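Chemist: Pasting in a structure now, in structure tokens, and then I'll have a few things to ask.
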Amino acid sequence: MQVRQSIHSDHARQLDTAGLRREFLIENIFAADNYTMTYSHIDRIIIGGVMPVRQGVTIGSEVGKQLGVSYFLERRELGVINIGGPGLIEVDGKAWEIGNQQALYVGMGAQSIVFNSVDASQPAKFYYNSAPAHTRYPDKKITLAEASSTTLGDPATSNRRTINKFIVPDVLPTCQLTMGLTKLEEGSLWNTMPCHTHERRMEVYFYFDMDEENAVFHMMGQPQETRHLLVHNEQAVISPAWSIHAGVGTKRYTFIWGMVGENQDFDDMDQVKVSELR
Ligand SMILES: O=C(O)C(=O)C[C@H](O)C(=O)CO
Ligand SMILES: [Zn+2]
């Protein structure tokens, strides 16, 4: 488990490229037949990926020791979205078939979670976020059709996209975690622009659906102290509450956002006009 400390905006603005990448970028999300795990002190979100290929992968009691509990979800909830081939997630003996662009919410208290791929030649890639929880809400699979979806943006501003809200209060109850997947249309490059902050929630962006020769310039920083991170395929960015978070790709891409914090109100954003950005 990698640990990232919280960071003050006054410190962040002084960092060079390597420093910004060290604090905010998670370069490796997937490792074959293994899981990755990054623990951020910002709202104590955990970010990672699970990629079973030839064998099942379990997030076991070793994590419980690091979290000071006896098992991973003793005091946490989990959201998973599969961006790979068909997969199976077994939660306390119950098997959930989770295909490409399908999600699973697992409530606090689930003790055994085993991730499997159906076909080793097309492994499942389970991206996940986990947040501290106070009660158990029911486990639930969410398909793309069940997600709450909105298409917005304009080809003229190169930001026509569909926001698919998988894990939000409209779809299922959770303690604090919300997650969704935003897909840009061909020829669209920008996600949320004009951009925003939300002082009351942190957010993590996970960018994928890109080949090696394409990348996203992820904009971050306070609105009048912007910086950028160069993000390649299947990498994630931690965005503190004080930071804008918006990306422009060299080609269209897809990303998963996850949020944790004070509220679950997707529209609770402090919008920043482009003319105000520096
Ligand atoms: O493209 C978008 O717009 C988004 O997906 C926005 C994010 O979900 C977000 O930043 C929510 O606060
Ligand atoms: Zn946001």
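Cβ from N, Cα, C; glycine included.
According to TrEMBL, the protein carries these features:
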BINDING   His196, His198, Glu203, His245  Zn(2+) binding site
Chemist: Could you list the residues of the same chain, at least six apart in sequence, whose Cβ is under 8 A from the Cβ of Glu203 (Zn(2+) binding site)?
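Modeler: Looking at Cβ-Cβ distances below 8 Å from Glu203 (Zn(2+) binding site), excluding near sequence neighbours, one finds Ser239, His245, Trp257, Gly258, Met259.
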Chemist: In this structure, which of the binding-site residues His196, His198, His245 has the fewest other Cβ atoms within 10 Å of its Cβ?
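Modeler: Fewest other Cβ atoms within 10 Å, among the binding-site residues His196, His198, His245, is found for His196.
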Chemist: May I have the list of same-chain residues other than His196, His198, Glu203, His245 whose Cβ is within 8 Å of the Cβ centroid of the recorded Zn(2+) site, in sequence order?
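Modeler: Output for this site, in sequence order: Thr192, Cys195, Thr197, Arg201, Ser239, Ala241, Ser243, Ile244, Met259, Met269.
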